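Here is the structure we will look at.
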Amino acid sequence: MRSTNPSIPIPRTVPLLPLHDKVLLPGVVTRLQISRRDSIPLFEKILRSYDSKDLNKCIIGVFPVHTPVPLPRLSDSSAGDSNNDNSNKNRRKSSSISKSDYGGYPLTDDGAVVGSNAGQVVPMMGTGNSGGGVHPPINPAHIHSTGCAARLVRLERAVGGFTVMLEGVVRLRLNKIIAQTPFFEADVSPLLDRPVDKNDQELQDQIVALKSTSKEFVSLLQTLKLPAPVLVQLQKFLENVAVIPGQVVDLLMSTIESTNEEKLVILDAADLKERIPKAIELLTRQIHVLKISQKVHDNVEGKLNKKQREFYLRQQIAAIKEELGEKDAGEEDEMTTIENRLAAANLPAEVQKAADREMKRLRKMQPASSEYSVIRNYLDWLGDLPWTKSSEDHLDVERARKQLNDDHHGLEKVKRRILEYLAVTKLQQMKGDVKGPILCLVGPPGVGKTSLGRSIATAMGRKFHRISLGGVWDESEIRGHRRTYVGALPGLIIHGLKKCEVNNPVFLLDEIDKVGSRGHHGDPSAAFLEVLDPEQNNTFTDHYLNVPFDLSKILFIATANSLDTIPAPLLDRMELITIPGYTYAEKLAIATNHLLPKQIRLHGLDQDEVNVTEQALLKVATGYTRESGVRQLEREIGSLVRAKAVEYAEAQERRLEEKEVGGSTQLQPGYHPLVTATDVEDILGQEKYVNEVTERTPTPGVVTGMAYNGVGGGILFIEVSQMPGKGNLQLTGSLGDVIKESAQIAMSWVKGHGYDLGLTHGHGQNIMEKSDVHIHMPGGGTPKDGPSAGIAMVCALVSMFSLQTVPATTAMTGEFTLRGLVMPVGGIKEKVIAAHRAGVRKIIMPLRNRKDVTSDVPSNVREEIEFFYASNIWEVLREAFEGRVAVRAGSVAAAVANGALDSRM
């Protein structure tokens, strides 16, 4: 039997060095950065007491410290004098240190040091760096009861402290702390390994198992192609496992990956019978890890494909060129950069094939060639596009609903459709077959179509990109230019994807109704047929790229003011959502919650420094704006806020002047933040708009109609006058063909039913025999067309011939036929809101439009307007003239007008 007792005597009392998050085992060499205030005095004393040649005679007790409460990390190091023990990483770092750094000990290739104890290989632990800053004091109760006696190998001064190198010698048992200042001193007892008893069968069995496990571990290290000298020394050391099993265990535990807790278990195991089984367990785990790593490495290496072989061959060619002096370092670096970018882009197979083809061409060209820059730009585009990179959707329906409600008032249809899309995506996200809808928001300017698209992107957690299509006349702006042209570039869609850097953004195609028509540059609207088709856009091919790109993950939202200029095939590919104009109640809510706070913030004021009453905001909306949206309303509110900003600035100046002369220190003397309805007229001037309807006096031959155009709804007046003539009909007011036909139908119907209406004395008499009729619609600068003014023209003609008036607050809309049937029309919500805005209190419309009023018109508008639904023209006349137009008794018309006969018969 051979004793494993150290040759260096261990004193009874030793200075103590506490270590956080690190364990020093016997036979291990470690380097530490000392910067703690309670440790620096120890090494100051050592420098004064020992000569540099006698430093190895200095013994220090190194004990781990428990930290029951996690301390804030001041740097990458621990709170003590060492950092976390990432053994593999630190061993690799230590291999670059010269042999002379270890006080003359020979250094092996893996960073191990051959120590003095029995000629063993001593592994080098990672260097510590305690960092600067203030460290909390160490509680003696937190010092571990078992530690390690360490021999001082090297000591140097460093910035903020010392750099020391320690070699573990033997385990120590902490008996008691003798002193804590200026450094710790402790009474200790060495825990020596007992000599190996060959008659102890249990211990011998453990040693045999340890030897077998160690050999398997070393054989695995050989397959990893570690340096041969290291493996040779390690094998020689393992040959002594039967004599010095304790030292073998300590060595192996410092070479495998293990946690500090596991090393503490090994440190505490002073008995070999307890230490060896735990070491075998950790070694077995490390062997399994190495086997798995080797298997993965073999699989990857076995799948070496053609591209990798080409890469190795190119590297060899580059080396040959370098030897011949033909290598262009800049060119090769550029090629490597391009290849790395293309590899990082994770290109699809078809795109990768095109990129490889262009790379081969590029390598054969000189950089001075014009074609070189063309190919280089093309490859840059391929590398920059997000072929597989997506942003993670926020599929929280409640969160999205809150986001949409916070950003926009009303617009329930749009919000409901977006929430439906989110819900479906959430339910089918595992299938991966959800395609983004193609939405088209149609409505007048200023109703929030563009800002709604941005809110949708925010609610979904996606990136947002807006493409303005107004004035786009060239198809190449959408699909890109072919690379045969000088200065060719991809189209707007690919540009947007490059900017967003993800393949599932929200694209807002703004003003899609303003796209130019077909010309010699192609038809840009036809280019959108592929972009906006969910069945085709997964293989969208830009002319510049000439490879397919998947657009199916993009959420396209188009906006338009009118559908008249959008081609039917393109319109068929989009899901239309109509956004009508706002009512006064909605405008008041938007102004209070959004526009006013925004303008106050933009003008440098606080919210409590401007207070506009609801009556003032309502007066601005009714008297100074006449629009479907809220843009003009925001401008007028901005004028109010600017006026208060001037008053506030003047009040500030007065306050400063009074403060200089020792006067009042009131916050803002003379400034009143309140803006009332009376103040609005003083700031904005006279009201710009009045209710056209309520200001008019009922006049025979004048009727209020209702119209719908691309910017919302409105009212129009139909004026009819009679003059001597020969029975001609004259139409003025910039009227279109359809509305002219409605006027002809109305005139023919009135002439045919003149006797039933009491306008003539006989059936065959012509009411226009000696007179001409002139129908005019004011506002000749605005083109007017459509069939919805039919019943209004009939009422205007009857009013003129009968000299009866229609109330100015009664408006009507609807198409009618020669048989007198009233036909439904569109744009009901916009027309009703515009009529309500103008002061109309009674509306006559087709019976079949009742459902539009019920489902689309806001409830507050329905409550303030009386609706009458007519199925024939006689019901319209009865309600419009309130029974003042006589219908001859006994006629079919009288029966229909009185409701005794169904007009549909």
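For all residues, glycine too, the Cβ spot is worked out from N, Cα and C.
TrEMBL has this to say about the protein:
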DOMAIN    14-287  domain 'Lon N-terminal'
REGION    71-103  region 'Disordered'
COMPBIAS  75-87  compositional bias 'Low complexity'
BINDING   Gly443, Pro444, Pro445, Gly446, Val447, Gly448, Lys449, Thr450  ATP binding site
DOMAIN    697-883  domain 'Lon proteolytic'
ACT_SITE  Ser788  active site
ACT_SITE  Lys831  active site
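Summary: among the recorded positions (Thr450, Ser788), the fewest other C-beta atoms within 10 A of the C-beta are counted at Thr450.
Sequence-distant neighbours of Lys449 (ATP binding site) (same chain, six or more apart, CB under 8 Å from its CB) are Leu441, Gly443, Thr559, Ile579, listed in sequence order.
Each residue contributes its Cα atom, and for Pro444 (ATP binding site) and Ser788 (active site) these two points are 19 Å apart. Residues belonging to the domain 'Lon proteolytic' (697-883) score a mean pLDDT of 88 in the model. Closest by Cα distance to Lys831 (active site), from the recorded positions Gly446, Val447, Gly448, Ser788, is Ser788. Taking only the Cα positions, the spacing between Ser788 (active site) and Gly448 (ATP binding site) is 28 angstrom. Sitting within 8 Å of the Cβ centre of Gly443, Pro444, Pro445, Gly446, Val447, Gly448, Lys449, Thr450, and not among those site residues for ATP, are the Cβ atoms of Leu441, Thr559, Asn561, Ile579, Ser628, Gly629. Around Gly448 (ATP binding site), the C-beta neighbours below 8 angstroms that are at least 6 residues distant in the chain are His408, Leu411, Ile579, Gly629, Val630. In the structure shown, across all protein chains, Gly443 is the one of the binding-site residues Gly443, Pro445, Gly446 with the greatest number of other Cβ atoms within 10 Å.
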